[in-house]
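One structure is given below, encoded as structure tokens.
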């Protein structure tokens, strides 16, 4: 049985109109799915309004206690419940979850050396409760997972949403034929960042290295692609990066949109 | 089979120490439960820090769009997930829910006349998904419900937590022997607000009227007691108001703590 693990990026969440269209599309998918969502700009805005200084190291944010509080409020509270209520409106019986809920994702706090990123969690799919997620799916409940996990010892942890999507995809592969799809505001992985139609249709691991070396694939796309390859090497059948507006057509009609990631071509 | 519907008030939530003790006690209860929690002071603090003016009419807060956003962040996000992670630490497989999650509580927005309270939801237990809550309990999941509901049409709504507890209690009465317990920072309903040991052991509807008329029961205690009587008149077996620290002893040993509310003595 097919199961889609769908990650939706921050830029779609930031636009009320785009998000509404996306949720409407989700309600028309013909195969079951689990949605994983990131944060968008609201957490940063909120931290700024509350005068919580954002510490950065090597371009990455440090999650101190106050930043974690804001992330928990925004991701697990406002964004998660807004998405759940929007899906309910469209007839999808969504259930919002952090990693602490039903112990779905027990993460481990990242080591403080060499860099102390604070309350950040790393996920291993061996610690994802896939049986509980399966029970929800059997009850026709659609899990909507935010990027907050816990360590099982009372500590909430900020966790990368791309990684959560990939790890859930691996975890569910023992019972389902899993497709992992990263939806964002571009038409796929682009050869030229300024040209929307320069989508690379397919990328394998050796091409990925070439693109990284030549600077075509860089910044946040590198860890995203690492997650893609990890998923493919751990049981996931298909991985794709595409524009949020292409999702419905791709899943319902198997359209060849976006960039397909493969282990080897 | 006995099921406890436990409401925990804001004053306990506001104290990190009291909350930790309370969650530890919950993990030692010998019969299953659903926890409903209120908000505490954090939402008000957050609204103040974000410069969101709080409008009051007849001593009650108006929930405008910005206030609803803060309530959703604080109740469904920070407080709900803090409680869930704390229960997980103590070995309780908790699952946090707003009314939108799994469509657990579909509320209706309160009429704008005579007073427009804004995005406030009223709950009727006919619209609570007791079968889904039962499925969770059968999976040994413990629902932790916050005071945010939805209207089924994409709108989240701020809802009174005492009312949610009473309506869930009524709804679950068709399958369980339900005990509804309001936990707060006092030893029960007091004859004299300044005397902690002046607990009224038992109150029925006629005594309630007498106490209201004489001014002994007033303010927020009146709607709380209305919820108690509503529950008793709609299938709930037992209703009690007690100190959070008395809960464990009462449930495990049937101790006669706090105030028992009865239809007629």
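Backbone N, Cα and C atoms are what each Cβ position is placed from, and that goes for glycine too.
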Listed in TrEMBL for the substrate site shared with B:39, B:40, B:61, one of B:153, B:158, B:174: B:158
Rounded Cα-Cα span from residue B:7 (site 'Transition state stabilizer') to residue B:224 (site 'Transition state stabilizer'), Å: 11
Local backbone state of residue B:39 (substrate binding site), from DSSP in three classes: coil
DSSP-derived structure type at residue B:224 (site 'Transition state stabilizer'), helix or strand or else coil: helix
